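To start, the structure under review is shown below, and the notes come after it.
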Amino acid sequence: MLRGTYLFGYAFFFTVGIIHISTGSLTPFLLEAFNKTTDDISVIIFFQFTGFLSGVLIAPLMIKKYSHFRTLTLALTIMLVALSIFFLTKDWYYIIVMAFLLGYGAGTLETTVGSFVIANFESNAEKMSKLEVLFGLGALSFPLLINSFIDINNWFLPYYCIFTFLFVLFVGWLIFLSKNREYAKNANQQVTFPDGGAFQYFIGDRKKSKQLGFFVFFAFLYAGIETNFANFLPSIMINQDNEQISLISVSFFWVGIIIGRILIGFVSRRLDFSKYLLFSCSCLIVLLIAFSYISNPILQLSGTFLIGLSIAGIFPIALTLASIIIQKYVDEVTSLFIASASFGGAIISFLIGWSLNQDTILLTMGIFTTMAVILVGISVKIRRTKTEDPISLENKASKTQ
């Protein structure tokens, strides 16, 4: 049952990757079909990530009350219902509602699968890294599908494809649960919930609360860069008069992330995590500045790939480092880290959407670069952080692998 659920986790994370990039990949078609601006696209992205944040925050409560299995079933059901209604209406405002519901389902799937892996597998870091690769493959495959088969006359077909995939996955999941009915019925895996002890711990320890604040802000800014760069990349390319590569550029970005995460999985045991964050964020600054002044399509695609490669390991490494440095209440720290990332993706989308309407790509890239500079500053602060435990961060990290 455990192994089977984990294998379904691959499909669930693949789905999350698709939902994560769906709006951004369809941006050129949505702009033309509904005669909208990038500000309007920002609204969809905001509601999508608000839904994702809601799923991240509510999923632990659902798991506690109904178990991991029922929570996953509910998430799939909500997503299928949302997509079913889309068959009946292509209204702009319903697309916003659907984005929220799909985001909620994706947030619930990611949080629930992650909680299940952490609760049931000793090698949870390795298991999670494999799931993250499937997330990247999902985010990669969707823009490839759109670039190959979709035009302005059938822009809605990708949502039909998502529905078909989810329906097959849902049926397979129900069959799997029916064959393991007793185990699923008696399952009582629960996550650890924040309590007064966690609150008092951070309030009473100024150093720990400061460290937590650094990591939460880091997650906010990082997700603001990654998610919005990916979602607005087609619009960025169009603004630079490279519409012919606007869709395929998203795939180059996610190929870079996938390769980067695979490489990080191989070398993570030997990494100095704080040095890695500082190095990656510094590389990101250089690449973003260079990207701002590149107009050649080949060089732009290469730059997009390198940006994806440079940031591939930042999120999982920062999350792992946060749990190592702060030491206690790891579940609470993890939930807060992911929630802050979701919030960053939602809020910063408005800023990026506004900047793209100013008809100068330098403003948009300047915003991304400024956030990357702040990430470097936070990385320096993290680098200087010393734990009370004499065991080195690197030795502790090796024990978490």
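Note that Cβ sites are derived from N, Cα and C of the backbone, with glycine treated the same way.
Copied over from Swiss-Prot, here are the features:
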TRANSMEM  11-31  transmembrane segment
TRANSMEM  43-63  transmembrane segment
TRANSMEM  78-98  transmembrane segment
TRANSMEM  99-119  transmembrane segment
TRANSMEM  132-152  transmembrane segment
TRANSMEM  156-176  transmembrane segment
TRANSMEM  212-232  transmembrane segment
TRANSMEM  247-267  transmembrane segment
TRANSMEM  278-298  transmembrane segment
TRANSMEM  306-326  transmembrane segment
TRANSMEM  336-356  transmembrane segment
TRANSMEM  360-380  transmembrane segment
Check your understanding: Should the transmembrane segment (99-119) and the transmembrane segment (11-31) be scored as in contact, given a threshold of at least 3 Cβ pairs under 8 Å and pairs 6 or more apart?
Key -> yes
Review point. Quick one: do the transmembrane segment (212-232) and the transmembrane segment (11-31) reach 3+ CB pairs under 8 Å, ignoring pairs fewer than 6 apart in sequence?
Key: yes
Check your understanding: For the transmembrane segment (43-63) and the transmembrane segment (278-298), does the number of C-beta pairs under 8 Å, pairs 6 or more apart in sequence, reach 3 or more?
Key -> no
Practice item. Please indicate, using numbers and ranges, the residues of the same chain that are 6 or more beyond the transmembrane segment (336-356) and have a C-beta under 8 Å from a C-beta there. Key: 37-42, 45-50, 52-53, 56-57, 107, 111, 212, 215-217, 219-228, 231-232, 235-236, 239, 315, 318-319, 322, 363-364, 367-368, 371
**Study point:** Non-local residues, at least 6 beyond the ends, that sit with Cβ under 8 Å of the transmembrane segment (11-31)
**Key:** 37-38, 41, 44-45, 48, 72, 79, 95, 99, 102-103, 105-106, 109-110, 113, 131-132, 134-143, 146, 150-152, 155, 158-159, 162, 165-166, 169, 227, 230-235, 238, 243, 246-247, 250, 254
